[in-house]
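Quick look at what TrEMBL annotates:
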- A:74-286: domain 'ABC transmembrane type-1' (DOMAIN)
- A:12-33: transmembrane segment (TRANSMEM)
- A:78-99: transmembrane segment (TRANSMEM)
- A:111-131: transmembrane segment (TRANSMEM)
- A:160-182: transmembrane segment (TRANSMEM)
- A:209-227: transmembrane segment (TRANSMEM)
- A:268-289: transmembrane segment (TRANSMEM)
Amino acid sequence: MSTHANLERRRQAIYGWLLLSPALVLLSAFAFYPSIATLWTSLFSRGTRRRPVEYVGFENYSDLFADPTFWLVVKNNLMYAGVTIPVSMGIALAMALWANGKIRARGFVRTAYFTPTVLPMIAAANLWLFFYTPGLGVLDQIGSVFGLPSVNWLGQPETALWAIIIVTIWKEAGFFMIFYLAALQTIPEELKEAADIEGASRWTYTRRIVLPLLMPTTLFIAVNALINSVKLIDHLFILTKGGPSDASKLLLYYIWEMAFAFFDAPSAAAMTVMVIVVLAIIAAIKFSYLDKRTHYQ
Amino acid sequence: MTTSTFVKLDGIAKRWNGQLGVEGITLDIPEGSFTALLGPSGCGKSTTLRLLAGLELPDEGQILIDGKDVTTSAASDRNLSMVFQSYALFPHLSVAENVMFGLKVRRVPKQERLEKLHRALEITGLLGYEGRKPGELSGGQRQRVALARAIVAGQRLCLMDEPLSNLDAKLRNAVRKDIKKLQRDLGITVVYVTHDQTEAMSMADTVVLMKDGHIQQVGSPEDLYSRPNNTFVAEFVGAPPMALIESTALEGFGDDKTVGIRAENIQIVPAGTGRMRCKVNESEFLGAETLIGLDHDGTSGLCVLQPGLSLMPEGDEVEINFDDGNLHVFDDAGKRLAG
């Protein structure tokens, strides 16, 4: 190879690495390194003054598996994900279909739906704290009109998780609606007209045409909702702090507690590793299996 | 071809926020005919078609299809099919699923559905493409899928909204013939919207020329070409369009009329023997003939066709002659006077 071609190749390679380096540096420092460090930490014991840190293999993991609180938190989180993901997506789709129709005050409807998303989670939680407060809260005020007894929604184990779930759905549905709305607007008007002429009902059109065309969006939202169901715990700090008796405790909150309230970093690390592994597996399934059955335009 | 009226539009008007859509559209379309709605963009031809399809509802007037008043009926109750300009194929469904969509919706039994699908694909030359998605087809093939979807149900009325405008010129010619043949073979009534007069003139039995929401003339292609109702029709139909001469520029026609003449009826004659003396302003070689544009006070679009290659230098003066029998006379409002 002639020298100038060689030089050109090297120049291209340097150029490529230069473009790549900002992302590489940031991701390494704030994503790859912490992940590996977490994995590493999870394999060592918690150091105390009397007992120095030592390699314990998977002991932290087996300790967790033997911890009933851990299983309660996992159960809570599964319930939390199992309800918030489908319900918030369903509501988002319904709202988007409505807000995309030829209705009056469409702009107002869209803004109204999106408002919960704009509010910071902490502010939203404070708002709901007011709704849920026994005696004074809006829910109780409405209940008392119909002669219902006062309920401490956040204060009893049977209702605390559900109260948290409702706040999350309220917060997320509007956000997901925006994605659905954007996707709906890329569907040409003529498809509806063609379906009309063929005699398709509104339901048939929605089921056979609109929903399949929304599949890429649904997939994207599902992944986001899944991540949020693990990630979104801000409101726990305001509303229940995981209580009462761990009834509304979620995984990330428990991890935070382990690390910063009980100062048990290895256990927190072990739990984090497990969450990452589970999320990675689910995302891999979604993008490999479901992607093939989805029509992208 | 029968001549009984199949589709009847009576005094149809549609306005948007007081703005004009279409006004006073009255039209009889015989069964088995090919009717083209022709006009420049924004003339209301697509609106007329959409009113007929039931995608819009008229503010005034009545629509009858096969003797039934369908003015306010839903699109699906009008027993018609439609080919859209964008084809409106469902992008996630295969060719077969696209074509059978309507049959499935109408709960046609599976066996019959497959037979009809086979026939429709055979007619449109799409056999072997059943499993493809629209995104994997060429523009011409997509267009044929839209056609197959329109004919598969066997509706007697088919509406087409500029179905060829997304095809390249060569393909357009071929598909034009296919559509015409299809319409004849199946004996269906076609209402066809186009802004391309070649399409309208070559395919249609009846051409409806529209402008600003009003019908200008309804007639056979020959009618529109040789007996234009008004100066708009005269200037719209034909390539090159009819030349218009103010009557003051000619002797013996008074001074408030417009006289029309087609290029093929004008001859260049030796100096001193012609009726008008004009200046050449352009020369365009078209292959079999040469189009020579002429300039004269009080005329517009005056030109003459010369056989073969016979370019003339710009600025040359020529004299032209024509017979009175080939002249079209319009009054001061642009309307055709008898003759």
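For all residues, glycine too, the Cβ spot is worked out from N, Cα and C.
Remote same-chain residues near the transmembrane segment (A:268-289) are listed as 35, 38-39, 41-42, 60-61, 64, 70, 219, 222-223, 226-227, 230, 251-252, 254-256, 258-259 (criterion: CB distance under 8 Å, separation of at least six residues from the stretch ends). Scored by C-beta pairs under 8 angstroms, the transmembrane segment (A:111-131) has its highest count with A:160-182, from the stretches A:12-33, A:78-99, A:160-182, A:209-227. A Cβ distance under 8 Å defines the sequence-distant neighbours of the transmembrane segment (A:78-99), meaning residues of its chain 6+ beyond its ends; these are 106, 109-110, 113, 161, 164-165, 168-169, 172-177, 179-181, 184, 206, 210, 214, 218, 221-222, 225-226, 228-230, 250. Using a Cβ-Cβ cut-off under 8 Å and counting only residues 6 or more beyond its ends in the same chain, the transmembrane segment (A:160-182) has close neighbours at 76, 79-80, 83-84, 87-89, 91-93, 95-97, 99-100, 110, 113-117, 119, 121, 124-125, 128, 132, 153-154, 214, 217, 220-221, 224-225, 228-229, 232, 235-236, 239-240, 243-244, 247-248.
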